[in-house]
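Listed features, source TrEMBL:
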| type | residues | note |
| --- | --- | --- |
| SIGNAL | 1-28 | signal peptide |
| DOMAIN | 38-353 | domain 'Glycoside hydrolase 35 catalytic' |
| ACT_SITE | E185 | active site, proton donor |
| ACT_SITE | E263 | active site, nucleophile |
| DOMAIN | 400-512 | domain 'Beta-galactosidase 1-like first all-beta' |
| DOMAIN | 537-593 | domain 'Beta-galactosidase galactose-binding' |
Amino acid sequence: MAPKKPLCLPALLLPLLTLLLPQAGTRSFVVDRENDRFLLDGAPFRYVSGSLHYFRVPRVLWADRLYKMRMSGLNTVQFYVPWNYHEPQPGVYNFNGSRDLFAFLNEASLANLLVILRPGPYICAEWDMGGLPAWLLQKSDIQLRTSDPAFLAAVDSWFKVLLPKLYPWLYHNGGNIISIQVENEYGSYRACDFSYMRHLAGLFRALLGDRILLFTTDGPEGLKCGSLQGLYTTVDFGPADNMTKIFGLLREYEPHGPLVNSEYYTGWLDYWGQNHSTRSILAVTKGLESMLKLGASVNMYMFHGGTNFGYWNGADEKGCFLPITTSYDYDAPISEAGDPTPKLFALRNVISEFQEIPLGPLPPPSPKMTLGPLTLQLDGDLLAFLDFLCPQGPISSILPMSFEAVKQDRGFVLYRTYLTYTVSEPTQFWVPNNGVHDRAYVMVDGVFQGVLERNMKHQLFLMGKVGAKLDILLENMGRLSFGSNSSDFKGLLEPPVLGQTVLSQWLMFPLKIDKLVKRWFPLQLKKRSHPQVPSGPTFYSTKFPILGEGGDTFLSLPGWTKGQVWINGFNLGRYWTKRGPQETLYVPRPLLFSRGALNKITLLELENVPPQPQVQFLDRPILNSTLHKTYIYSLSADTQGASEPMELSGH
């Protein structure tokens, strides 16, 4: 008989450790109303949290960002779940790759961070349509964020998929989710539909049980319509606001329990055509210190902002249509490139006065790379690629159809018609009722004529012979994401008018540009002469090697006007060099091939190409260079400076 192997020390200790660790059945996160505090596993607890959005950070960088948050002294991370990111079409769900929010929950757990989850269904977040799927608008009379049966049916279907997947991650089940928000700043919405809020609360309880702490978040003015009995009420405000007054107002809705600021603004968002927003370190740190002295729990929005890659940025309606920039740097403590900033170290010092922070230094900034300038080659104008961009062919209609009607959620649709008579003199061309949503690039027989823009530029003057081809490339610049959140349909919402003639007989081409870029050049195009300096929607590209390891970098496009950039097939986002304030696009190192492998950069320039079609990669961002400041003043009469938010809340 073989002798038994002696038990090793770890094997002896394992049962003891198992007994000592909190079991799922004994874990709890609750409100202690008698003592105005939270209890975590029965012990007093205060969270110092920061917001980070997994959908704005490449998956390969999640662990890095979360580790830096933990090393900054945070014990919790707060994040949204954007419905439209995970259900691109009704009943089609995507939790893979960068959309694997459960992998993100696991990374947070590995970083020793608890989680405050905000699944919506509406999230704002300066994200396209506030996280609501654009396919909801295929029912044109739907009433978003209300007890409209059509909206509730879609919400119920989504949450019956999402919430059961989150159930094992609840803190009392052994996971790291300590609380979940219902809706988001609902008091800022015009509907004030308490039946809708009660429906959501009942749905969350039915699918998640009674033990998870459910809460609401609103700005002070929104508490009346945003709070609901049975959900813990929290508030949001920034360093410039009157903390005593706002917490006093919160006490009218939540007389007992911990004070909570669910969105303490460390910075602010940027709009195209306005100045880059910043918040002073002193103001942010003083506000945090004051709240921590009161014993409040605080979430800092944002702690790391990230990037609106692709077409995912949202927009605001504040006197006019204001699309949000590609960069979501937010002047946050961790920069868009993931680097610690002086604001982070100042906040870390404040936090260390109230609770222990992990030992050890914060990682240094990531290596940065410069490269170029690189000269791009003309691949051809967009119209030359139409068969590849819309292989299924166009949709015909007497009157133009919206993006939603042709089932194109984001990006571009080309509208085409033909002139039925000769226009020999410059004649007014316009779209009634501000019906361009959001930007139209107009061409006659392939020659670029100019731009129409929502709220900003309403007419052009055109000429053309009978039978001339009129093409209008419509760009969706991002759906409204905050406040009124009225259904923001995209495309030509009214038939265009030329002179006295309402134009009809349209062809709509929903363009699949991302698919083309991924598989793409060199495509066999018909040989055609190119103008020396092309204008209108045009593709450019080049290939380039990176010697050595490379690093994070920032793409600069001097002299280019407006367009979209892809690197190695990845949609980096929009550039708008001529309007600003953002002048560079963040390029994470993992997107680039190093050690001499060839990288491919592709540009779709929508308006005008510089005489020297060059780009370069810089080792630092330029986020605050608004070149055409006239845009700031033409947006609205009451547009204010960037030092303070336009409204108290907006997420």
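Backbone N, Cα and C define each Cβ position, glycine as well.
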Exercise for the section: Round to the nearest Å and give the CA-to-CA distance linking E263 (active site, nucleophile) with the residue listed as 'active site, proton donor'. Expected result: 11
Practice task
Could you tell me how many residues in the domain 'Beta-galactosidase 1-like first all-beta' (400-512) are helical, how many are strand and how many are coil under DSSP?
Solution key: 0 helix, 56 strand, 57 coil
Handout entry: Other CB atoms, at most 10 A from the CB of the residue listed as 'active site, nucleophile'
Key = 27
Exercise for the section: Summarise the domain 'Beta-galactosidase galactose-binding' (537-593) by DSSP state, stating how many residues are helix, strand and coil. Expected result: 3 helix, 28 strand, 26 coil
Fill in the blank from the handout: Over the domain 'Glycoside hydrolase 35 catalytic' (38-353) the mean pLDDT stands at 97
Practice task
Tally every other Cβ atom lying within 10 Å of the Cβ atom of the residue listed as 'active site, proton donor'.
Solution key: 26
